[in-house]
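According to TrEMBL:
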type: ACT_SITE; residues: His42; note: active site, proton donor
type: ACT_SITE; residues: His127; note: active site, proton acceptor
type: DOMAIN; residues: 9-92; note: domain 'Phosphoesterase HXTX'
type: DOMAIN; residues: 98-175; note: domain 'Phosphoesterase HXTX'
type: MOTIF; residues: 42-45; note: motif 'HXTX 1'
type: MOTIF; residues: 127-130; note: motif 'HXTX 2'
Amino acid sequence: MDAHYFIGISLPKEVSAHLSRWQREIKQHAEYKNWTNPEDLHITLKFLGATSEKKVKQLCNELVACGDVSPFSLNIEGFGFFGNPSSPRVIWAGVEKARSLLLLQERIEQVCSKLGFEKETRTYKPHITLAKKWQDSSSIHPELDAILKQKDWLETFEVNTFTLFKIHPKQTPKYEVVQNISLSPENV
């Protein structure tokens, strides 16, 4: 069976540490089955799913062309969720929809589509998953609701690379770096 892969942006250690502190705060008020390991925190650009080794090699060669975007800064601020507000299936940290981020994601989507990967039809919503799979029988706790509404913090970091990751679902951390691609307008 083929392993699963995705393309994403790794976070600097200090940003992951800050988000990990927020995770600990959220954990006190929420019951989730899966909490993202701090080493696995990332911004997904494209989920690929099950992929053969042959296709991974092709993809590695093609992804270099996507690195023609200049390095850019990203802001992370606030929290949000996907799903029912009373029992959200995913809690995430918000990521600014920077023009360069959207351009990079679009280029990656085009390369992947050309190689036969399914095109994403949903609008791209950059985020960092903190927890998923709500398992509390009651609705969201008021304390958690207050935490999710906090917008008084901001993390900014420089994006110089993006990464092809292999997923190991039964390991911690779960994500293995297959290839890092540097961002540089000279990559054309």
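Just so you know, glycine gets a Cβ as well, placed from its N, Cα and C.
Break the motif 'HXTX 2' (127-130) down by DSSP state and the numbers are 0 helix, 4 strand, 0 coil. When other Cβ atoms within 10 Å of the Cβ of the residue listed as 'active site, proton donor' are tallied across all protein chains shown, the result is 20. Applying DSSP to the domain 'Phosphoesterase HXTX' (9-92) sorts its residues as follows: 34 helix, 29 strand, 21 coil. Here the CA atom of the residue listed as 'active site, proton donor' lies 8 Å from the CA atom of the residue listed as 'active site, proton acceptor'.
As a whole-number mean, the pLDDT of the motif 'HXTX 1' (42-45) in this prediction is 98.
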